[in-house]
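Asks: I have a structure I would like to understand better, so I am pasting it below and will then ask my questions one at a time.
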Amino acid sequence: MNPNQKIICISATGMTLSVVSLLIGIANLGLNIGLHYKVGDTPDANTPNVNETNSTTTIINNNTQNNFTNITNIIVSKNEERTFLNLTKPLCEVNSWHILSKDNAIRIGEDAHILVTREPYLSCDPQGCRMFALSQGTTLRGRHANGTIHDRSPFRALISWEMGQAPSPYNVRVECIGWSSTSCHDGISRMSICMSGPNNNASAVVWYGGRPVTEIPSWAGNILRTQESECVCHRGICPVVMTDGPANNRAATKIIYFKEGKIQKIEELAGNAQHIEECSCYGAVGMIKCICRDNWKGANRPVITIDSEMMTHTSKYLCSKVLTDTSRPNDPTNGDCDAPITGGSPDPGVKGFAFLDGENSWLGRTISKDSRSGYEMLKVPNAETDTRSEPTSHQVIINNQNWSGYSGAFIDYWANKECFNPCFYVELIRGRPKESSVLWTSNSIVALCGSRERLGSWSWHDGAEIIYFK
C-alpha cells in the first residue's frame, strides 16, 4: 500500500469512529430526555410531598437516584399571615411576680466585651421578646467609657438583643440612632423612634419595618424626648408621648398617633397632669394607660389614658396615697387625683410604672424615698381612683442595700393566654455617680412577670463587684 492509500485509510477510519461517537452521544441524550419526562410523568413516585406550614419556610431534602436523575433541595415558602395587634383581653390576675430574665451585664463585662448602656427596656413581638437599651458606643473596659455618665452624645444608639443575653458588639441589632427612644410592634412590623441632635434643636426619626419613614423637628427647642420604654399599638395605631421643654417647669407634651410609622394625629396634652416625662405604657381591653414622671412638682405619678381608636386621651394623677416617685415625702393620709403632691429631695424624679386594674392594681417604687436604691412591688387595690387606697400585698424585688434605677412596663401581647400578663423590668445602675472609682455609668437588667401563685421574695440585684474593675 503506497503512502497516499495509507493516508486515505486512516482518514476513513477516523471519520467512521467520529460518526459512531456522535451517534452514541445522540442516543445518550435522547435516553436521558426520555427518562427525565418519564420521571416527571410519575409524581407519586419521585416528587416529594411538601408540607406547607404557617411559619416562614419549609426545606425538604429528597435525594432520589433513578437513571442518574437527582432531585434535591426543594424549597417552598409560605408567608405567615400577620394582622394588627388587637388589645381585646383584660390584664391577668396577679398575686406575685416571678423571674423572667436577668442579663448580668456588669458581672459579665468585667471579663468580656459588654456595651455601656442605660435607659433599658423590654419589648415583644410575635416571635418573642427582646431587650433594648441606649448604647454609649463603647464597652465597659474601653477607654471611651470615661464620661458615659452624660445622657446625650452623637455616639448613642437604640440597640436590641436576645432576651437574657448581655449586650455586646457581636449580638446586638441597631434599631435607630439617638439618645432617647421608644419602640413597639403593631403585629405586622416594628416601629422605633430615636431622638438625636443638640439640646436646642433635637429631632426624632421614626423607623418602621427597618426603614426611616417620618422625621419630627423640635417644637420647643429644649431637649425633645420620649418614653424610654415600649409604646403600645392597637389595631395599627401606635400612640407615643413626647415632651419638649423644661424639666423643672411647664413643658410642651404631645401625644402623637402613628400608623406604620406615619403621623395620623397630634394632640396637645389635655387634663390635669402638669408635667410629663418618660411614660411607661401598657394596653388592655381596648385602652392604653401610660404612667409617667412629673419631674417638676409631683411625687405622685401622672396617668394618661389613651383611646387609640378615637385618637383621644385624658390625664390625671394616680389617686392613691402610696407615692411612687423618687425622691418623695412620706406617704400622706390622702392622695390626690387632680394635682401633684410635692415634697422630697434631692432628686426630682425617676422613670416608673404601675398596672391599674381595680382590685388587681400594682405599683412599683424604690424602697428608699431619697435615692434610687432597692425596689418593691405593692398591691394597692383601686389605686387609680381611691385617694385612701393602701397596700394589701408586698414583694421585694431589689433589697435596699443595692442600687436600682429606671423601671417600666411591658407585656407579651402574643402569648397564648386568655389575658395579658403584666411584666416589668428594673434598671440596675452601676458606676458613676454613686460608684466613682470607675469611669463609666452603665446598667444590667432584671425582668419579672405576674403570677397567680403567691411566690416568695428574693433580691435580684446586679451583683457585680466594682473593685474587680479597678
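FYI, residue positions are counted from 1 along the chain as it appears here.
Yeah, the Cβs are placed from backbone N, Cα and C, and that goes for glycine too.
Just lifted these from Swiss-Prot, have a look:
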BINDING   D294, G298, D325  Ca(2+) binding site
CARBOHYD  N51  N-linked glycosylation site
CARBOHYD  N54  N-linked glycosylation site
CARBOHYD  N62  N-linked glycosylation site
CARBOHYD  N67  N-linked glycosylation site
CARBOHYD  N70  N-linked glycosylation site
CARBOHYD  N86  N-linked glycosylation site
CARBOHYD  N146  N-linked glycosylation site
CARBOHYD  N201  N-linked glycosylation site
CARBOHYD  N402  N-linked glycosylation site
REGION    11-33  region 'Involved in apical transport and lipid raft association'
REGION    36-88  region 'Hypervariable stalk region'
TOPO_DOM  1-6  topological domain 'Intravirion'
TOPO_DOM  28-470  topological domain 'Virion surface'
TRANSMEM  7-27  transmembrane segment
Asks: Under DSSP, is N402 (N-linked glycosylation site) helix, strand or coil?
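Replies: In the DSSP reduction, N402 (N-linked glycosylation site) maps to strand.
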Asks: Based on Cα distances to N402 (N-linked glycosylation site), point out the closest of the glycosylation sites N86, N146, N201.
Replies: N146
Asks: Fill in the CA-CA distance, D294 (Ca(2+) binding site) to N201 (N-linked glycosylation site), as an integer in Å.
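Replies: Each residue's Cα considered, D294 (Ca(2+) binding site) and N201 (N-linked glycosylation site) end up 23 Å apart.
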Asks: Can you tell me the CA-to-CA distance separating G298 (Ca(2+) binding site) and N86 (N-linked glycosylation site), as a whole number of Å?
Replies: 33
Asks: By a 10 A CB contact count over all chains shown, which of the binding-site residues listed here is most packed: D294, D325?
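Replies: Output for this query is D325.
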Asks: Neighbourhood of the Ca(2+) site (D294, G298, D325): other residues with Cβ within 8 Å of the Cβ centroid, in order?
Replies: H275, R293, N295, W296, K297, A299, N300, R301, P302, Y317, P340, I341, G349
Asks: Across all protein chains in the structure, which of the glycosylation sites N86, N146, N402 has the highest Cβ count within 10 Å?
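Replies: That would be N402, with the most Cβ atoms nearby.
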Asks: Given D325 (Ca(2+) binding site) and N146 (N-linked glycosylation site), what distance in Å do their CA atoms have, once rounded to a whole number?
Replies: 29
Asks: Give me the CA-CA distance between N201 (N-linked glycosylation site) and N146 (N-linked glycosylation site), in Å, as a whole number.
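Replies: Cα-Cα distance, N201 (N-linked glycosylation site) to N146 (N-linked glycosylation site): 26 Å.
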Asks: Taking the Cα atoms as reference points, how far is N146 (N-linked glycosylation site) from N86 (N-linked glycosylation site) in Å?
Replies: 45
